[in-house]
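Engineer: Got these off TrEMBL a minute ago, pasting:
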BINDING   34, 39, 57, 60  Zn(2+) binding site
């Protein structure tokens, strides 16, 4: 049994495969400069990948801008849709006048159910 043990090999910690014949992808260094703190960040990307225009600065957390030939690139501003809130969606379906009319109808219904507009906190209590 002792002759079959694997002495000197750390199982799972290292690959037993050699790196012969392995061809790595071409890479290029990409420079980002933070305009807030002046910190430069160099990242490696694949040669055929398009690097993002901004990257989070490692020292201050602000957006660092991609540098091409020593100059910052012009950031593309995408036309982002304005966030639609539930109130905006409601106003697309009904006008403010219609909403006020609906509110008045519902308040009248609730008041009729409660007892013709009586305030339930001001009723006399039995036995008090």
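Note: Cβ is positioned from N, Cα and C throughout, glycine not excepted.
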Engineer: Sort out the sequence-distant neighbours of residue 39 (Zn(2+) binding site) for me: same chain, 6+ apart, CB within less than 8 Å of its CB, listed by position.
Structural biologist: 33, 57, 58, 59, 60, 64
Engineer: Using DSSP and collapsing to three states, where does residue 39 (Zn(2+) binding site) fall: helix, strand or coil?
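Structural biologist: Note: residue 39 (Zn(2+) binding site) is coil by DSSP, not helix or strand.
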Engineer: Fewest neighbouring Cβ atoms within 10 Å: which of the binding-site residues 34, 57, 60?
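Structural biologist: Selected from the binding-site residues 34, 57, 60 on minimum Cβ neighbours within 10 Å: 60.
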Engineer: Taking the recorded Zn(2+) site as 34, 39, 57, 60, identify the other residues of that chain whose CB atom sits within 8 Å of the mean position of the site's CB atoms, giving them in sequence order.
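Structural biologist: In sequence order, the nearby non-listed residues are 36, 37, 38, 41, 58, 59, 61, 62, 64.
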